């Protein structure tokens, strides 16, 4: 087949193999992605500022409008932007306290509270949008990577050692640009659990306020996260896979080695790029907040300013919010994706060989 790459399969077959891997990976890993996004998108609790020794808190009625002060009752105040506030005329003497169930203290706490208060299906919220985005993005990305790597190595434009790094970075940069609007919508669905109708209204408002450019809100930190991630991932993957393949018989499939190599390289890349993932999530979730407070989306803080702000407000720990779910997700998702992709390529290689022999 003239249109086959050096691995013996066509670009279309590469896209089918990678798209299948994307579906399998999304079904298994979406719950961890939902938890990661929810952990990253929540603001630092005001409770820690008002009552450091307890997460149960209230505000003085003197700060409320007179119409609310006159009620003399405990009430829950929600303005749609900040966290819910429990307001009590008796202050600390009141026996009834409000504890915000949407505040998460960790990964397991997030899993338990999401299931308890929102239902198990919430763990797969945004899955349709995830599949709509992930399948074409992964098909484009993996196919572009293999084609670029073959191109770079075939024309000796770079050494075989660094070809995976360059090819991975270029492939991811193009994919991020094409898929960025869908990534924004998926993050919005997972972080605030809005309906598709509400999401559409939110997007229309953002476009009306800031133009079509607002749909690429978060492109900068997404690129800063994904391009280095891709470069690090493929560089380490090819190295680890090459090393592991030295321990297997020549007639043994390399899918198992790909699984291990993918998990290791994905973990390393995820740790090093996590701060940019936090910034990307907060910037994209801010789309709804901009609508609520009527902020012009064109005037957004730079990635570096957001990094400094997060560190000032939450410390270095804030830059690694969602660390555990991201790492827990990165290792198996990268392992599942690359091993499924390699299995698909092996399947098509055998299929093409059988066709040649049969023809």
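Placed from the backbone N, Cα and C atoms, the Cβ positions cover glycine too.
On a predicted model such as this, the values are computed, not experimentally measured, just so you know.
According to Swiss-Prot, the topological domain 'Mitochondrial intermembrane' annotation covers 1-14 (among others), on the basis of a curator's inference.
Annotation source Swiss-Prot lists transmembrane segment at 15-35 (among others). Remote same-chain residues near the transmembrane segment (15-35) are listed as 9, 107, 110-111, 114, 122-127, 130-131, 134-143, 190, 322, 325, 328-329, 332-333, 336-338, 340-341, 343-345, 347-348 (criterion: CB distance under 8 Å, separation of at least six residues from the stretch ends).
Residues or ranges marked as topological domain 'Mitochondrial matrix' by Swiss-Prot on the basis of a curator's inference: 36-121 (among others).
Marked as [2Fe-2S] cluster binding site by Swiss-Prot on the basis of experimental evidence: 74, 78, 88, 94.
For 122-142 (among others), the entry in Swiss-Prot reads transmembrane segment, with the evidence type sequence analysis. Listed as Cβ neighbours of the transmembrane segment (122-142) (distance under 8 Å, sequence separation of 6 or more from its ends, same chain) are residues 14-19, 21-23, 25-27, 30-31, 33-35, 111, 114-115, 171-172, 174-175, 178-179, 182-183, 185-187, 189-190, 193, 230, 337, 341.
Summarising the annotation, Swiss-Prot assigns topological domain 'Mitochondrial intermembrane' to 143-160 (among others). In the topological domain 'Mitochondrial intermembrane' (143-160), the DSSP tally of helix, strand and coil residues is 12 helix, 0 strand, 6 coil.
Per Swiss-Prot, the feature repeat 'Solcar 2' maps to 159-243.
The transmembrane segment feature in Swiss-Prot is assigned to 161-181 (among others); the stated evidence is sequence analysis.
If you average pLDDT over the topological domain 'Mitochondrial matrix' (182-214) in this model, you get 71. What Swiss-Prot lists as topological domain 'Mitochondrial matrix' is 182-214 (among others), and the listing cites a curator's inference.
Non-local neighbours of the transmembrane segment (215-235) in the same chain are 141, 145, 162, 164-169, 171-173, 175-177, 180-181, 183-184, 187, 203, 206-207, 265-266, 268-270, 272-273, 276-277, 279-280, 283-284, 286-287, 297, 300, 302-303, 306, 334; each lies 6+ residues outside the stretch with a CB under 8 Å from one of its CB atoms. The transmembrane segment annotation in Swiss-Prot covers 215-235 (among others) and rests on sequence analysis.
For 236-258 (among others), the entry in Swiss-Prot reads topological domain 'Mitochondrial intermembrane', with the evidence type a curator's inference.
According to Swiss-Prot, the feature repeat 'Solcar 3' maps to 253-347.
For 259-279 (among others), the entry in Swiss-Prot reads transmembrane segment, with the evidence type sequence analysis. Note on the transmembrane segment (259-279): residues 40, 221-222, 224-226, 228-230, 232-237, 240-241, 244, 303, 306-307, 310, 318-323, 326-327, 329-339 of its chain, located 6 or more positions outside it, place their CB under 8 angstroms from a CB of the stretch.
Among the features that Swiss-Prot reports, topological domain 'Mitochondrial matrix' is placed at 280-317 (among others), with the record citing a curator's inference.
Outside the transmembrane segment (318-338) by six or more residues, the chain places 21-22, 24-25, 28-29, 32-33, 35-37, 39-40, 44, 106-107, 110, 138, 233, 237, 258-267, 269-271, 274-275, 277-278, 281, 307, 310-311 with a CB less than 8 A from a CB of the stretch. For 318-338 (among others), the entry in Swiss-Prot reads transmembrane segment, with the evidence type sequence analysis.
Counting residues per DSSP class in helix, strand and coil order gives 20 helix, 0 strand, 1 coil for the topological domain 'Mitochondrial intermembrane' (339-359). Feature annotation from Swiss-Prot assigns topological domain 'Mitochondrial intermembrane' to 339-359 (among others); the stated evidence is a curator's inference.
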Intrachain residues whose Cβ lies under 8 Å of the topological domain 'Mitochondrial intermembrane' (339-359), provided they are six or more past its termini: 1, 4, 7-10, 13-14, 16-18, 20-21, 24-25, 142, 253-256, 258-259, 262
